[in-house]
Every structure is written in C-alpha cells, then in structure tokens.
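Peer 1: Got a structure for you, questions after.
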Amino acid sequence: MSQTHRILLLNGPNLNMLGAREPKHYGSISLESIEEKIQTLATQHNVKVECFQANSEEKLINKIHESFQQVDFILINPAAYTHTSVALRDALLAVSIPFVEIHLSNVHKREPFRHHSYFSDVAEGVICGLGAKGYEFAFLFAMDYLAKK
C-alpha cells in the first residue's frame, strides 16, 4: 500500500496581503490563488497539503512543532522573518523535516538587508524571483524529493 505524502505550505507575515501589497515586487496574485494552485497540484499527485499563513512568529513556530512526525515536507515562504528569525530556523531544525525556502521576489535585487537568509543554508533548496510559479516549482521539487526516499 502506498503512503500519501503530507506537505505543509507555510507563509509568513504580510503574505495574506498579496494581490494588494506592492505588486511591483510580489505581483497581483492573491495568496488564496497560490494555495488553490498548490491544492490542485496536490490532488493530481495524490498528496495532502495543509496551507497555513500567520503574521506572528509564535504561530508559525507552533505550526512547525505540530508538524513533527506528521508532515513529510515543508514549503515555506518566511517573508520578512527570512532575515530576522533564528527561532523559526531552530524550529525547522528541531523537527528535522526537509523544506524548501520560497520567495516571490528576487531578494538579491532588493535592499541589502534582504540579502541574508537564516534558512538558505539548511534548506533543501531556495527558489526566489519567480513569482507565484516558485511555489509550483517548490511543490514539484518536493514530489521528486519524496519519491526518492
């Protein structure tokens, strides 16, 4: 019997404002539309995806902790926490769930403070600057990764 893989899609602060927030950097697509696309892909691949967005570090950390031994892969856009949150990094390391770091914009073409990530060196991969398509690429990478386990 084949196992149905479980993926957690985590989105950090202000991503609930996608579509209205700085379309020059983030495009005009809503987070809801991104989540719907990932759910469609999940159905096509017989995978369960839970989507979660929070504007607070505590809620994101708690969700990661709840995922321990419950989730096979995490897709995370830490948003502004990318550059500030050792706590989120530590939570991901604590649960030992492989993850991909996603950014809609190319953080390396933006302000210098956005160039550093507390996640990149411990992520399976990093996707940035590809807009909403980056979520799809991250999902497909997760499928390949899990197929090889």
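Note: Cβ is positioned from N, Cα and C throughout, glycine not excepted.
Below are the features listed in Swiss-Prot for this protein:
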- Arg21: site 'Transition state stabilizer' (SITE)
- Tyr26: active site, proton acceptor (ACT_SITE)
- Asn77, His83, Asp90, Leu104, Ser105, Arg114: substrate binding site (BINDING)
- His103: active site, proton donor (ACT_SITE)
Peer 1: Return the member of Asn77, His83, Asp90 nearest to the residue listed as 'active site, proton donor' in space, with distance defined Cα to Cα and candidates limited to these binding-site residues.
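Peer 2: So, of the listed binding-site residues, the one sitting closest to the residue listed as 'active site, proton donor' is Asn77.
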Peer 1: Secondary structure at Leu104 (substrate binding site) (DSSP, helix/strand/coil)?
Peer 2: coil
Peer 1: Tell me, how many other CB atoms lie within 10 A of the CB of His83 (substrate binding site), whichever protein chain they belong to?
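Peer 2: Excluding its own Cβ, His83 (substrate binding site) sees 16 Cβ atoms within 10 Å.
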Peer 1: Within 10 Å of the Cβ of Leu104 (substrate binding site), how many other Cβ atoms can you find? Include all protein chains, please.
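Peer 2: The answer is 24 other Cβ atoms.
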Peer 1: Among Asn77, Ser105, all listed as binding-site residues, which has the most CB atoms within 10 Å of its CB?
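Peer 2: By the 10 Å Cβ neighbour count, Asn77 comes out on top.
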Peer 1: When you measure from the Cβ of Asp90 (substrate binding site), how many other Cβ atoms are you left with inside 10 Å?
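Peer 2: The answer is 13.
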